[in-house]
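Visitor: I'd like to ask some things about the structure below.
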Amino acid sequence: MHDYFQKHRLLLAPMAGVSDEAFRTLCREQGADLTYTEMVSAKGLSYANEKTRHLLNLAAGEEQVAVQLFGHEPDTMAAQAAWIEQEMGESLAYLDINMGCPARKIVSKGDGSALMKDPALAARIVRSVADAVEHPVTVKFRRGWAMGDESAPEFARRMEDAGAAAVAVHGRFAEQLYRGSADWGVIARVREAVSVAVVGNGDVRSGSDAVAMLERTGCNAVMIARAAEGNPWLFAQAKAALAGRAEPAMPSVDERIAMARRHARLLSEREGKNIVRMRKHAMWYLAGLPGAAAARGKINACVTVEDFDSVFDELVERAHHAS
Ligand SMILES: Cc1cc2nc3c(=O)[nH]c(=O)nc-3n(C[C@H](O)[C@H](O)[C@H](O)COP(=O)(O)O)c2cc1C
C-alpha cells in the first residue's frame, strides 16, 4: 500500500459517534484524502443489525471509505469482512481491524486493544480476514497494552506476517487511555520493524504537526482524530503544509458557524429530524466564541436543525456585537 498512501497522506481517523457520513463529507471537502467509518461491530453485522449496517452507508458524492471492523472471533470477522466487500465493492478502500480501542465495554469482551494482549489471536483474525477478502486488510493498534510495555513493533511484525497490508499506530498505551501525550518514537520503531506501510497517529493538531510526524517518524501517512472535531479546516491546513504552501488563515466566526449549520443539515439528511449527535459538534465549533459556554444548556436541548439554527443565530448576533 506504499503507493496508495503516497496519494493518500492525510487520513481522518475512525471515531465512534463522530466519523459518520456528515463529518466525513466536511473533512473530505477540506482535504482529507481518505476517511474511515466509525468502528463497526462484526457481531452486530452478523445479526444484520440495522444500526450497525447503517454505519457502512456512504455520503452523497463519497467515492471510497475505509471500513473499520471490531470483534475478536476470527470466523465472524472473516465472514463479515467478505460480506462488506461484496456489498460495497469499489466504494471500499480497505478493511481495517480495530486493535486499539481501550474503552472498558469493548476491552471487557476481548475486542479492541484487548487483542494486543493476545497477539496469537490477533494474528489469527488478520489471517482469516485477509484470506476472506481481496481488498487490503490493515490493523490499527496502540503503543502497547500496559503502561511502559512497548509491544507495538513486535506486534506490528506479527500482523505483517499474518497478512496485514499496512498498520496504523497510535503512540499511547491502552492503559493510558488519552492521558499524557502520544509518543511518536514508537511510530518510527514500527516503521523500522515492518516493510508494509505505516500510518502514524496521535496528537497531530496543526499542519506543521502533520509535516513533523511524517519527517520524524518516516511514516507513510498521517491520521488525525480529535483535532479535527469542530475543525475540519485542519485538513486544508495540513494539505497546504505538506505542499510547502502557507497554511490558510484560521476560519472566522461566521465561517465556523456556517460550517456548524451545514453539519447540522448533513446530519439531518442522514438521521432525520432527531440530530442529538450535533450537540457535541456544535460545542466544538463554537468553543471559545463569546456566549458559547453559556449556550451549552440550550445546545443540549436542541433536537432539530431549526433548534440549532436559532442558537447559532443568537451567537452570530452576539459575536457581531462584540466585534
Ligand atoms: C470520540 C472518539 C472516538 C474514537 N473511536 C475510534 C474508533 O471507532 N476506532 C478506532 O480505532 N479509534 C477510535 N478512536 C481513536 C482515534 O482514532 C485516534 O487513534 C486517537 O484519538 C488518537 O488520535 P488523535 O490524537 O489525533 O485524537 C476514537 C477517538 C475518539 C476521541
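Using the three backbone atoms N, Cα and C, a Cβ is placed for every residue, glycine included.
Note that TrEMBL annotation is computational and uncurated.
Residues or ranges marked as domain 'DUS-like FMN-binding' by TrEMBL: 11-313. Here TrEMBL flags PRO14, MET15, ALA16, GLN68, LYS140, HIS170, ALA225, ARG226 as FMN binding site. Annotated active site, proton donor per TrEMBL: CYS101, in sequence order.
Any idea what these are sitting next to in the structure?
Guide: Around the Cβ of LYS140 (FMN binding site), the number of neighbouring Cβ atoms within 10 Å comes to 27.
Under a cutoff of 8 A between CB atoms, and with a sequence separation of 6+ in the same chain, the neighbours of CYS101 (active site, proton donor) are ALA16, MET39, PHE70, VAL107, ASP111, GLY112, SER113. In the three-state DSSP scheme, CYS101 (active site, proton donor) falls into the coil class.
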Visitor: Would you count the other C-beta atoms found within 10 angstroms of the C-beta of HIS170 (FMN binding site) for me?
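Guide: If we count other Cβ atoms within 10 Å of HIS170 (FMN binding site), we arrive at 28.
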Visitor: Taking the residues the record says bind FMN (PRO14, MET15, ALA16, GLN68, LYS140, HIS170, ALA225, ARG226), how far apart in Å are the two Cα atoms that sit farthest from each other?
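Guide: Max Cα-Cα spread across the FMN binders: 17 Å.
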Visitor: In DSSP terms, helix, strand or coil for ALA225 (FMN binding site)?
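Guide: It is coil.
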Visitor: For MET15 (FMN binding site), what is the tally of other C-beta atoms lying within 10 angstroms of its C-beta?
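Guide: Looking across every protein chain shown, the total is 20.
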